[in-house]
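TrEMBL lists A:461-473 with the feature compositional bias 'Basic residues'. The compositional bias 'Acidic residues' annotation in TrEMBL covers A:479-488. Look at TrEMBL and you will find A:458-495 tagged as region 'Disordered'. The feature transmembrane segment is assigned by TrEMBL to A:21-39, A:426-446, A:502-526, A:546-568, A:580-599, A:605-624, A:636-658, A:696-716.
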Amino acid sequence: MGLLSDPDVGSAKWVRVLKRVHGPVCFLCYVGALVWFVLLGHRDFNNETYFSENALLPGLVTNEFNAEQSASQYYNELLLELETKYEEMDVMPVSWLVGMMSHIHLEVYTHNFTLHYPLGRGQVFRGTNVYGILRAPRTSSLEALVVSVPYRNVGSHQKTTAAGIALMLAFAKFARPQKYWAKDIIFLVTQHDQLGMQAWLEAYHGLHNENEPFHASLGSFWKPGTPAFNMESFFPNIPLRRNHKKALNPGTLKGRSGSIQAAILLEFSTPQIRYIEVKIEGLNGQLPNLDLVNLVHKLCQKSGIHHSFAKSYSWIRGRDSMDEWKNGFWTMFEMVLGQIDGVPDGNHGLFHRFGIEAVTLEGRDELDPGGKVPRVNSLSFCNFYKLGIALESILRSLNNLLERFHQSYFFYILASTHRFISIGQYMPSLCLLCVAMLIRALSLWVTTLQQDGDYNDKQTKKVTTKSSKHKLEKAKDSDSEEPGEQETQEVKKVKTPEKKKATINMSVLNIGVNYLLLHLIGYGVMNTPFILSYYGSLYYNKPPEVSVYFGIISIAVLLIFITPFLPYMLRKGPITYEELSLVNILVLTELSTVCLSVAMQNFSLGFAIAVIYTPLALMTSVYVKGSGKARACVQLLKRVWCVCVHPLVVVVASMVAYSRTLVADDTWLATLGRGSDAAMQAIMFSVADSMLYGNWLFNLTTSVILPIWLIFWQILNIKVDAP
Amino acid sequence: MDLLNRIYCVLFTIATVLSLTYSIEIPEEFQKSNHSNNWAVLVDTSRFWFNYRHVANVLSIYRSVKRLGIPDSQIILMISDDMACNPRNPRPATIFNNAHEQINVYGDDVEVDYRGYEVSVENFVRLLTGRVPPDTPRSKRLLTDEGSNILIYLTGHGGDGFLKFQDSEEITSQELADALEQMWEKRRYNEIFFIIDTCQASSMYEKFYSPNILATASSLVGEDSLSHHVDSAIGVYIIDRYTYYVLEFLENVHPNSKRTMSEFLAVCPKSACLSTVGVRRDLFKRDPDKVPITDFFGSVRPVIITTDPIDILDTPKRKKKPENKTKSPVKREYLPQFPVHLVSNTKTG
């Protein structure tokens, strides 16, 4: 920092070079980052996957699975049961499942959980999970594996999982008499998809006692009962957090096993599937260890099942390297897109936070949505035998594990089912974006410094404006008899006016208050859904998603109009050029820090933020009054662009684009309406996810990204006098 | 009657010994070894289920040397992990060294001397150098002397210059060389045959500097030592290549076989092992071509052949030592701590 706060900094050669070239350099960094990212799909920039864990011994063992008959029997029985008894109801066939599991001689338990929906008028949902534990015959129950199927009733919009349940039961029947299990196997059927899974995991890990939301209590030193800042003491009438009651009450489990090492989730609606999609993305973009992903792909292949990951299909091979590059890029892109929202694409995503590696195997056929799958009709159908073989070999391999998965990568992007990009390879693209922002910040900093220097020169009546000459003079002075004294005088001369000037032109307090206030506003917006949904349902009788959506839109519009005037309310004099530049430097630093730190956990989200906001960050500059019409015009365009990348606008735009890809042959107006509806749902989901599962997206967007955007908006809208 | 029986017995023994010595007539080209007993130290250093093959390796060698005549009392068997009782083992209480699963190498007559976490670098070095705690049972001691030929077999995971013990520590080649030098200085061996089946195995014997050691390794530095085949019923790699071919060779060796050590050293060509078998013979004084394999793998029983008749009736009489009996025990007492008696002497004198 000594270098950066040196008053002579303007004279250094690198500063002059930096000031001249920082624009093109930033641009090059931005383009370079995108090019780097695109290149990652190419063979030469990613790697073949490999096993790091020796203990897995994948596929060495002969398959003995022979329960395909019982699988189809279970399947037919279950379908019959559902048709006759549970057709219209949103209830799980608990008694049937318990009966079947007891018949296999598993230790069967049921688990009840309750959800007090935190938004709106507080509805209550109840659910039941059923699980059976196969105890390892020759060892103590210290470790466990989980095989789980989310139960989906016939009427739900998603496919049922009847075949998954049948397969799981048949496998349990086969596995029960085997003597080689070194870990317990828990066979679990959950209700209400992710909700049931979350409840079961929380109950399994004993998180039912705390009153805080789940994500606040896990891994923090915060103990319940610690005095804390309580918003409700200030606003007793507004139910801010529903008395800090946890929304999801996971209840307690009657039977437990050891620490869970890995989990495999099955989503098969029918045994006649064409291929298996291996889903890996978890909550907040967390991924399972690469070893587990490799294991599943390899054993699918060995069992003769076609498998895929995000449009990378095992039965499709690229014709040439260009083709492979294209496929690799799209797979990568698809994975990154899926990771941005941080919503798990299956129940496996909830395991990751507990340090449990998990994947979902989803059976698909040619009728599945999500784009056309090439040559899918030429694939042969799968059957219970093949699926059972695959499940058996996966579990026997997991059974060999001695430690938790830790050898292979946790941070990676897959370019196909068998190629990956490690964190060391993809991080540079994000770093380039952040470097662009930091270069911009540095150049702004040295520009302000030099202007200070110019100002000083004028004050000390020195004709020379260039600091190099100033330096020369200094050298001459030091040649005289008392160099030390001379120099100190010189320094004093320089310093006093600088101080004076600082008091005139720069008020760190004013900037700081403004900065802090905007972040507090962001924090406030983060907490609005409770209030919005409460009053929305109280006065307008609207469902929570509508009240939250329109509430947030109106807040956003209000903020757009208010924030440019906010700095004027806090101060007497006009805001100066130096102050606004400092704000600009601060916000650039903050944005790059946020992007990097978010990307440490969820690269896709960090990268997306960086890609969207770097152009804005680079083009934002302080507008000086009377700069001419051309500059004014440019400033206007910048403002328009700024509005275009408002977080809310980005959400709506991406939802419109998404619904366009889903239903391509629609009028634009209809697409717009559909997109808006989708955005409403998306915002509601992200709010609910943040409260129930601890998804960051909503919190991050409102409490960090929104304030940063507001600061950019301020900078673009304030006109200052020339320095 | 009793007497007669005894005489017959002795005569019979002498006759069999004589006939044996004539049947194991050592060929002319063999150099005579001057060892008087045989010992074997067989060590598996790695644990965990996926290292099943190492346990199978060491048990196979154990079985062979035992068959060739080294008794259990002279075999020190160290096994790091209990594969037979591993809950993952679909064949509980057995260990096989071949996918055909014909021989259970963990049968009834296996004496494991060091097992589990007892297999450590410290215990191994103490065993070799004889510096064991005084309360160590005989079965855990290497009670060799200057006439002992020792077979040392090590298997596990190695690197360049070290061998990993368990999952936590390793012995370096220098430490091993120093331990062997101590053995030589303490006259604990006559000759050593050192076999090691690990990755980069030859690095372990490069530092040896003590005489009379013949060493061979399954792979050279920079090479991996590979496994031979998988038993898909158990689901593990069942044996290492080098040991597999060694076993194949040893199965055809019998106690009075005329195979030589050089045959043993050439047992696994590169085409079969996929790694190059390393041999070090500069410390070994004899020519491996002329050393019978039974010098290390078999056992020498101390047999003295006599042509003189043995007079069993004539029990040797002990000399009586009356002077010992009459002598009263010397009364011992402590000297005073401060030499007062000397002081007084000087005064009077």
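Using N, Cα and C of the backbone, Cβ positions are placed for all residues, glycine too.
Here the transmembrane segment (A:502-526) sits apart from the transmembrane segment (A:426-446); fewer than 3 CB pairs are under 8 Å, leaving out pairs fewer than 6 apart in sequence. Only residues 6 or more beyond the boundaries of the transmembrane segment (A:696-716), in the same chain, are considered here, and those with a CB under 8 A from a CB of the stretch are 284, 341-343, 514-515, 518-519, 521-523, 525-526, 559-560, 563-564, 566-567, 580, 583-584, 587, 590-591, 594, 598, 602, 605, 609, 613, 616-617, 620-623, 635, 638-639, 642, 645-647, 683, 686-687, 689-690.
Same-chain residues lying 6 or more positions outside the transmembrane segment (A:426-446) and placing a CB less than 8 Å from one of its CB atoms are 4, 9-10, 15, 18-19, 22, 25-27, 29-30, 32-34, 36-37, 40, 413, 581, 584-585, 588-589, 591-592, 595-596, 599, 603, 606-607, 610-611, 614, 617-618. Recorded stretches compared: A:21-39, A:580-599, A:605-624, A:636-658; the one with the most Cβ pairs under 8 Å to the transmembrane segment (A:546-568) is A:636-658. Packing against the transmembrane segment (A:580-599) from elsewhere in the chain are residues 427, 430-431, 433-434, 437-438, 440-441, 444-445, 447-448, 506, 508, 511, 514-515, 605-607, 609-610, 613, 617, 620-622, 700, 704-705, 708, 711-712, 714-715, 718, 720: each is 6 or more residues past its ends and has a CB under 8 Å from a CB in it.
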